[in-house]
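Undergrad: Submitted below is the structure of interest, expressed as structure tokens.
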Amino acid sequence: MKKEQFVIQGMHCAACALTIERTLKEVSGVKNASVNLMSEKAMVEYEEPATPEILKNAVAGTGYKLMIQADNVSAKSVHGGHIAMETKPGSEAEHDHHKMLKESEIALLKKKFIIGAILSVLVMILSFPEFVPIVGKIIRTSPRFLLLFILTAPVLFWVGWQFWRGAWFGLKNFTANMDTLVAMGTGAAFFYSSSVVFLELAGRSGFEVYFDVAAVVTTLVILGKYLEAKAKGSASEAIKKLLKLQAKTAHIILASPAGGHEDGNEMEMPIEDVKVGDIILVKPGEKIPVDGVIIEGNSAIDESMVTGESMPVDKKVGDKVIGATINKTGAFKFKATKVGKETFLSQIIKMVEEAQASKAPIQKLADQITGYFVPVVLLISITSFIIWFIWGPAPSLGFALINAVAVLVIACPCALGLATPTAIMVGTGKAAEKGIIIRDAEALELAGKINVVVLDKTGTLTKGEPAVTDVIAFDPSINSG
């Protein structure tokens, strides 16, 4: 049984995450899957016949992209008689790559919002000539309607393209999501108004257009997506700070012609190239690159990042050392026993990532509600349209349309799906920065019910310097002062 974490690209709402989660669980060999909207990651437990490639293809069928670690395999330099080939999941380079992708997404959303806002302002000015009299004097109704159509089309189909794409894939998978609500709401206003334009050009006037609804709603939702993307990007900074604790390079002692390491040459190389069994030299003040066992020399090691103890720990031949801890005094050589994702620090980072991707019981309830939420909203919107069309004031069609669109757009369940994972991601990240590792979201939720805390570490919460706080006199006649 394997348990792996995959990055998911293209999610916009809680319904998107539920669709991907359901799709992954339907793959033969998958025992469990959990998709987190805020971290944009999927935690999957699987066995044969399931493979990362099969999972990737299954997710692609729903319109989203699952990134597999095999995409990051690279050949490294030759040393020790072989080529090191290694995937680097959870490495700083991988996080930088994901950050770059996120920054490009944020830049595109910002560009779309700015263009959408400019066009929407023009649409609003042309839509209400009674507030801008000069517009009504210069442009007659038919050309004005046609100009509104031309200005709104790029807002709807370029600025808001992701909603149409998401709605299409939702339709293909027989699901409804936030994209469905936005596309239906803005699309109804746009296509109704477009038909009015052609009727106006044909000489049949008397109908109102609602291009302003389509343009403004699309632009405002894109603004929300832009702010959401920025929040997601900043929430993962805690992992990046943990990764910065790693050493960047290691001093490898190459084997001498005689076969030993005593007289071997020293070579500095990236930490990604270190293999199990390599002999590494650590000088005073340097970070220990990977986990291992001392074979020569002794020193005092600052292990505060692991234990919380401020006093250095004396180490001698045969003692274990932990990667990312700091060598305080003497130089020593050690044999690497754990490298890459097997090191102690990598395991801590993995635990934090799994905690951020896990779901608290309250979030599972929110996801269940979201699953029924969108279909119910669609039903309410259709009902609203029918009622206002039959009993609403004239013009009943336009009045009914506006109310139906309002229900669709206002009811987007983004906050419902984002609130809990945002709190979990930020909470576990901040805790990790303070040296507190939270194993999963359920533990974080249960922590709110804690009323007794037992501590056994001297020097972690205490100073190690006793001080008199109270004097209790056994003889009442003695004044304690």
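Note that Cβ sites are derived from N, Cα and C of the backbone, with glycine treated the same way.
All annotation found in TrEMBL is predicted automatically rather than curated by experts.
Look at TrEMBL and you will find 2-67 tagged as domain 'HMA'. The transmembrane segment annotation in TrEMBL covers 113-132, 144-161, 181-203, 369-391, 397-420.
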Undergrad: Please report, as numbers and ranges, the same-chain residues at least 6 past the borders of the transmembrane segment (369-391) whose CB is under 8 Å from any CB of it.
TA: 14-15, 18, 176-178, 180-181, 184-185, 397, 399-401, 403-405, 407-408, 411, 413, 416-417
Undergrad: Check the domain 'HMA' (2-67) for me and report the mean pLDDT.
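TA: For the domain 'HMA' (2-67), the model's average pLDDT rounds to 87.
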Undergrad: What are the helix, strand and coil residue counts for the domain 'HMA' (2-67) according to DSSP?
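TA: The domain 'HMA' (2-67) comes out at 21 helix, 24 strand, 21 coil.
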